[in-house]
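*Asks:* Sending over a structure as structure tokens; questions will come in a sec.
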Amino acid sequence: MKRLRKAVYAILRGSERYLKTDMVYLAKGGFWLSLGQIISSASALILAIAFANLLPKETYGTYKYILSVVSILGITTLPGITTYLNQAIARGYEGSLMPSLRTRIRFGLVGGGASFLLGAYYYYAGNTDLAISFLIAGFFIPVMDTLSIYHSYLQSKKLFKRSIEYFVASQIVAVGALMATIFLTKNLHAIILAYFISWTTMRLLFFMVAVKKFPPNDNKDAMVMSYGKHLSAVGIIGTIALYFDSLIMFHEFGAVELAIYSLAFAPINQIRGLYKNIPALALPKLAARTFDEIGAILSRRLLMLLAIGALIAIPYALLAPYLFGILFPRYPEAILFSQLLAGVLVLVLPATLLSAAINSKISVVPKPWLYWSIVPNAILILSLFALVPTYGIAGAIASRFIFIIVSFAVSYAQWRLLAKKFKNKGV
């Protein structure tokens, strides 16, 4: 075993000459992150199969609509604080963890209140299903996603194994609770309750465990709140854009059409989930490098990831009819849409790395530049408004392609300008 370990170590170190990457770090951290994401994707796929085969399309579509609205209301928890906090912790400023958590919960109360008001609106409109669902959601919006800050905390400290252990345990419990609920009842409110209670409980538990086992130091970054609020403001349109397709699909065509669209996207989202490891692995390393050092390897990495994305997208598009026939036999109309969406996978990988590179230097990015991301998100919302009412799901897919191309172009332009601004400055 020792010989094998030494041989693998030698191969990884030898490959660094050509790949210009710390392959040992990538293998160690990447193993745990990949394992966690594989388990997460498998759990989500099992859940999607259960929803698709055990629930009426109307119920599934309504469930997806509720979660989309709740995700938009979650903007009020200032998720941008965690984005900035990640690189602050990677630089040793762990003392900002608890103030960040308290601030996010306090602002999240606004989202909870908005959910109550939305529930009241639907009650007076005569839709008790949505009214009760948003009333339930209002109690959890301030805390559910906010408590997942422990995950970012551990990953920024490079404690990938522990982070994934906690995440996988949470995933298993949450998916298990939802599966049990679906088997026992088709009641929408019971499903919504199972979702929020299971995730909130597990995140609270592991947040307390993480802070107790790995207490943060007292070093604080004074810029966390300021930059975090700016990033959250920037993210408002981005979050709305991310879920706007579900909202407009639900209101234009109803819950059944949204269920079809969601199932077409489901396998794509699980594959995209495997890409989530890139920022977590890259950010601690990139934060320690200068713009010049990152620029020397970035173009090669982007081309490599573009090729990998194509190698993933093409086989999926070819296999989609067989996969849907086995896993989602009640949704044959979603097959073609899912094949078209496979093209998104080609650009997502390089776009994810580019975003990680910019976020690793977020502390020196001029605040007005943070608002650049509004451009592609605004274009996405406008294209959804223009295309979905006329072309339905096909219009939503076309809008997604427009968005990812514009988003990549804007991010690349921003990186080039930043690299030029800080050239030879050791930043």
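Note that the numbers count up from 1, one per residue, in the order the chain is shown.
Backbone N, Cα and C define each Cβ position, glycine as well.
Just so you know, TrEMBL annotations never went through curation; they're auto-generated.
So TrEMBL says this about it:
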type: TRANSMEM; residues: 30-53; note: transmembrane segment
type: TRANSMEM; residues: 65-85; note: transmembrane segment
type: TRANSMEM; residues: 105-124; note: transmembrane segment
type: TRANSMEM; residues: 130-154; note: transmembrane segment
type: TRANSMEM; residues: 166-184; note: transmembrane segment
type: TRANSMEM; residues: 190-211; note: transmembrane segment
type: TRANSMEM; residues: 223-244; note: transmembrane segment
type: TRANSMEM; residues: 250-268; note: transmembrane segment
type: TRANSMEM; residues: 302-328; note: transmembrane segment
type: TRANSMEM; residues: 334-357; note: transmembrane segment
type: TRANSMEM; residues: 369-387; note: transmembrane segment
type: TRANSMEM; residues: 393-415; note: transmembrane segment
*Asks:* When you check the transmembrane segment (223-244) against the transmembrane segment (334-357), do you get at least 3 Cβ pairs under 8 Å, counting only pairs 6 or more apart in sequence?
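*Replies:* They are not in contact.
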*Asks:* Same chain only, please: residues at least 6 beyond the ends of the transmembrane segment (166-184) with a C-beta under 8 Å from a C-beta of the stretch. Say none if there are none.
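*Replies:* For the transmembrane segment (166-184), the nonlocal Cβ contacts are 35-36, 39-40, 43-44, 46-47, 50-51, 54-55, 150-151, 154, 190-191, 194-195, 197-199, 201-203, 206, 209-210.
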*Asks:* So which residues does the transmembrane segment (302-328) touch in its own chain, when a touch means Cβ under 8 Å and the partner is 6 or more beyond its ends?
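*Replies:* Sequence-distant neighbours of the transmembrane segment (302-328): 45, 48-49, 52-53, 263, 267-268, 271, 334-335, 338-339, 342-350, 352-354.
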*Asks:* Short question: which residues 6 or more past the ends of the transmembrane segment (190-211) have a Cβ under 8 Å from it?
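*Replies:* Tertiary neighbours of the transmembrane segment (190-211) are 59, 63, 66-67, 97-98, 101, 133, 136-137, 139-140, 143-144, 147-150, 153-154, 162, 166, 169-170, 173-174, 176-178, 180-182, 184.
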